[in-house]
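Per TrEMBL, the features are:
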type	residues	note
BINDING	GLY16, PRO17, THR18, ALA19, VAL20, GLY21, LYS22, SER23	ATP binding site
BINDING	THR18, ALA19, VAL20, GLY21, LYS22, SER23	substrate binding site
REGION	41-44	region 'Interaction with substrate tRNA'
SITE	THR112	site 'Interaction with substrate tRNA'
SITE	ARG135	site 'Interaction with substrate tRNA'
Amino acid sequence: MEKGVDKRPPVGAIVGPTAVGKSEIALEVAARLKAEIVSVDSTQVYRGLDIGTAKLLPHQRISKTGVSIPHHLIDIVDPDEPFSVADYQKLARKVIADIHARGRLPLLVGGTGLYFQAVIDPYVFIPGARDSSLRARLKEEAKERGLGYLYRLLQEVDKEAAQRIHPHDQRRIIRALEFYELTGQPLSITWKRGKQESPYRLALAGLKMDRELLYERINRRVDQMLEAGLVEEVRGLLLKGYSPDLPALQALGYKEIIAYLQGEIPLEEAIYLLKRNTRRYAKRQLTWFRRDPRIKWWEVEPGKLEEISSSISTWMAGQLGTDVE
C-alpha cells in the first residue's frame, strides 16, 4: 500500500443497540450514499422470523425520499438450518465484494457484535472437534443443574468466549465446552484475529440514546410486536413442525412466547420477560460496541432523524471518499 493512499475497498456501518433507530436512519444514509444495506443480525437471517426480529419487509425498505434500498443477508436460511458466524462471515464478504463490483457502497447495519467483527476484522474460524455423545451429556447437565452452571464452567475455562456468548445461549455455551473438553484448548483460540488490519477502509457510525428513552422505546416496540401478531407468528412456526429447541426459536422474542404457548408461564409474564430481556440485551450490545475505538458515536434524539442522517452521511462520505446526494 502506498503511503498515504488507502486502496482498501470502502465499507460503512451503522451499529448500536436494539430499538435505537438503526434501520430508519440507515435507509436515509444509504439513499444519500448510493449504498446497499448488509444486515448484521443473527436472527434476521431466518425465514419466517419477521415480527420478533423487527425485520424490515420489502415494502418498508424505502427511504423518505422514495429511494428503494437493496437489503442483503435477510431471509437466507430456514429456522431449522444450521447457521454459524463463520457462515455469515463467508456470505457477508461475498455480498460486500458483489456490491463493490456494482460500484456501490456496502453499508453494514445491525447489532450482532460478533457477526460485525467477523466481517470487518481479519478473523479466521477454524472448524473444531465435535462429539455428539459429549454434547448430549452437556445438554442433560444443563437440564439437571441449570444452564447457569454450564455458563460458570465456561467462565472458568474460556473467559473470552464467556464474554461473547450470551448466558442463555445454550447451543453456543455447550459448543464452547465441547470444544474445550475435546481439545483442551479454549474455543476462543479459533477466533484468530490476524495482526493485519481490516481488509476494508472503514467508516463506523454508532447510535446511542438516553437510557430511559431507549428503554421506553424497547417497551413500546414489544407492545407493537404483540399488536402486529408476534404470538401468532410463533404459534405458526411451531405448527409448521419447527422444534422449540432450535437456536432460531431460542432467540430473544421467541423463547419467551414459546414458554407462554407451552403453558409454562402466563402471557403477562412472557411480555414482562421479553421487555426485561430486550433491555438487558441492549445494554450488552452497547458494552460490546463501545469497546471498539474506531466507532464514532451519534446521540439519537426524537425528531432529529433528518439531522442525524445528514451528519452521518457527510462524515461517512468524507471518511470513505464517496459522494453525498
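Heads up, the Cβ atoms here are built off N, Cα and C, so glycines get one too.
No curator has checked TrEMBL annotations; they are predicted automatically.
Most Cβ neighbours within 10 Å among the recorded positions LYS22, ARG135: this distinction goes to LYS22. When each of the binding-site residues GLY16, PRO17, GLY21 is scored by how many other Cβ atoms sit within 10 Å of its Cβ, GLY21 comes out lowest. Around ALA19 (ATP binding site), the same-chain residues six or more apart in sequence whose CB sits under 8 Å from its CB are ALA54, LEU214, ARG217, ILE218, ARG221, THR278, ALA282, listed in sequence order. Cβ neighbour count for VAL20 (ATP binding site) (all protein chains, 10 Å cutoff from its Cβ): 25.
Break the region 'Interaction with substrate tRNA' (41-44) down by DSSP state and the numbers are 0 helix, 0 strand, 4 coil. Remark: THR112 (site 'Interaction with substrate tRNA') has VAL40, ASP41, SER42 as non-local neighbours, by Cβ distance under 8 Å and separation of at least 6 in sequence. Distance between Cα atoms for LYS22 (ATP binding site) and ARG135 (site 'Interaction with substrate tRNA'): 37 Å, as a whole number. Counting in whole angstrom, VAL20 (ATP binding site) lies 37 from ARG135 (site 'Interaction with substrate tRNA') by their C-alpha atoms.
Cβ proximity to the substrate site centre (mean Cβ of THR18, ALA19, VAL20, GLY21, LYS22, SER23, cutoff 8 Å) flags the following additional same-chain residues: GLY16, PRO17, GLU24, ALA54, GLY111, LEU207, ARG217. Annotation for SER23 (ATP binding site): same-chain Cβ neighbours under 8 Å, separated by at least 6 residues, are ALA54, LEU56, VAL109.
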